[in-house]
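Notes follow once the structure below has been shown.
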Amino acid sequence: MTGPDRPQGPFQVNQPGHGDEPGQVNDPGWVFDAAAVGDVEETAAAAARARVDQQALWSVAVGLPAVISVLRLWVLAGGDLQTTLLLVANVGSINLVAALIVTATWLLTAALVAVFAVGQLTVAALDEHPEPRPWRLRFARIAAATPTPLKVVVFVFAALTWQTMYLPLLLLGACVALGLPPMRWFGWLAAGAGYLALAGPTLAQAVEQGELVPALLIVAPATLLPFGVATPVATPLAVPYARVGQLLTVALVAAATVPVLEAPVLPLSVLTIAEGDNAQPVSARGWVVEVNDATTALLHERGGVDFVPNATIVSRVLCPDSSQTPRYRLWAYGIHIEDSLLQGIGRNRRPSQALDSSCRSATGRPAALRSSPAGLSG
Amino acid sequence: MVGELSTAVRRLTRRQVAAATAAATALLVVAALSGWTLLRRDDGNTVEAYIARSSLAEQRELRIGVFGDEPLLSYRDPAKPDSDRLEDYSGFDIEMARRLGAYLGFRPASVKLAPTQVQNRARDLNEGLVDIVIANYSMTPERELEVDFSGPYLRTMPEVLMRAKDAPPSITFQALGGMAGRICTTGSSTSEAALNRKGIRQVDGVGQAQECVRGLLNGKYDAFVLDEVVLAGFRKSHPQLALVDLVFDQAEYYGIAVANGNAELKTLVDNFLLDSYERGDNGAWHQAWSGTLGQVVRRQQVQPRPVVSVKLRDYNDRRR
């Protein structure tokens, strides 16, 4: 914006060599200091950039869920264009958005919690580095600009939607992002005792079963707190810390996006199909895309769509997909540690029936439908 | 740059260094734990994966070898002697078979029961006539060479069934020796082996336990020696008989048997028993027991802890 052909703004600045004396405009009634004018231009440019940033942010906020939802349909269809189009034709936009909210809220809140925590830790460097370089200390700027009530809302959503085994990490994040009151040793002791009373039984189970990761998740965040993890990193170290923290956050969020993209949009079903009265029933496992008067369109778990005549369908049951198989046999207050608080409360309120045996039979017999004699094309 | 940084760090207070170190550690811990969770590969140790890999993968039916003549344990409706359907059988072993079938992905209609005999159990398995045997199969080192056991799923002791009017409260092997020639048990059973070890060789080893009961009732035999859980059922259906405590402290442990070397199916059955054990009163074992043998067996019984080498993960693990 300093070249000779740049468009001139309302202020005509006297460039050196252009007027009678350097630093003066031709009209003696209009006297400006060039440096002051530069500041004003900088501020205007920053404001314009902030406006564009905000517009872009809103465009992304609205557009990204839609794009991700369509990408998920693509993944669900096994990358096949015709199947994707069939899904697009039959899956409503509300279903898509609702499915995204159910499966991706945890990721959004996790990303925000990471931004707030890393940002708050590096906020001390903001005073030393006021120049607006786009990515340097970006998280610190966001953390500083976000009002506390908004942060609290994010943490509440996180507490409800994260798997309970990660709640100690959330606690650490909350202490970092929202700050801790100054505590003396007895305060730490009381807090530690309270935490141990709360998490101790699950920790004991984890140790007894030899499960390292849940045990670490319970112990590590709480142990770091008394060492001052919640106080902002000292200024000289804040910039390198921000650089590493921001990079790691982006990498982890990118890695976590993959399972979200792979999460199904439709409920997984097993159909039991019998062609004719004496035929042996076969099982078919997949997602019911469409049901009309004559046929049911089934997208198989291993790809490919079958249009199954409705008259041949004996039964349909809902089944969990393999990604929902838990890794641990650990509970905290009646809630499985891989369930979120919302899931756990729901499960305790309406305990689900045992897994239907058809869900397993179809897994073990993938070729059953394919090898059936007629009527079902693959 | 690095020089400036190290100079600046040297000026920090000890508390500031500790806080920065803690923050860096927190970053590492979070990154390591989340990264490991996100990027770890599936270990394949799920019930579904094992079913898909096992001999059951392409089967439409699960064939289970059982006995058919032991009330409350494994009893076939006498009016339907040729039936192989679950609903025509009753007893503890049958209830275990029903629940094992569901665990392995078979609806009750797809579980086919095949009557077997004591001496045929290993042969039926290894010749592929049945997939699994649940038939008071005591786990012994000799039998481990013939079949693979999951379990134990039941602990019992040998006892004696006698006519009520002749029955003492308890009996010793020495007293049993006096009845030589009038003692019945099932052939190839661990009870027969125990009697032989005690020097009592004149024992009728019959094919089916029902023959011993008939012999007791018609006076052919004076004593029927077998495991308590088997005899308790006969005692229940024949009030004129009485259960006599055999002074002997060797317990029998029953296992669920699969063909020798069928590691996937054995692991699946192991995990079925473990799942039942961990669920306690809500487990398959307790439900099967309380509706059948639990009504008559005098000794307090709980499911013995099963031996499991590979723990499988299962969606049902979320439910307790």
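Here, residue 1 is simply the first one shown, and the rest follow in order.
Using the three backbone atoms N, Cα and C, a Cβ is placed for every residue, glycine included.
Here TrEMBL flags A:1-25 (among others) as region 'Disordered'.
Counting residues 6+ beyond its ends, the transmembrane segment (A:56-76) has Cβ neighbours under 8 Å at 84, 87-88, 91, 93, 96-97, 99-100, 104, 260-266, 287, 299 in the same chain. If you look up TrEMBL, you'll see A:56-76 (among others) marked as transmembrane segment.
Look at TrEMBL and you will find A:96-118 (among others) tagged as transmembrane segment. Long-range contacts of the transmembrane segment (A:96-118) within its own chain (CB-CB distance under 8 A, at least 6 residues past either end) are made by residues 65-66, 68-70, 72-73, 139-140, 142-143, 146, 151, 154-155, 157-158, 161-163, 170, 172-174, 176-177, 241-242, 245-246, 249, 252-253, 256-257, 260, 263-265, 340.
Here TrEMBL flags A:188-207 (among others) as transmembrane segment.
Look at TrEMBL and you will find A:213-234 (among others) tagged as transmembrane segment. Tertiary proximity for the transmembrane segment (A:213-234) is limited to same-chain residues at least six positions away from its ends with a CB under 8 Å from its CB atoms, namely 120-124, 165-166, 168-169, 171-172, 175-176, 179-180, 188, 191-192, 195, 199, 202-203, 206-207, 241, 328, 330, 337.
Residues or ranges marked as transmembrane segment in TrEMBL: A:241-261 (among others).
Taken from TrEMBL, the feature region 'Disordered' applies to A:353-378 (among others).
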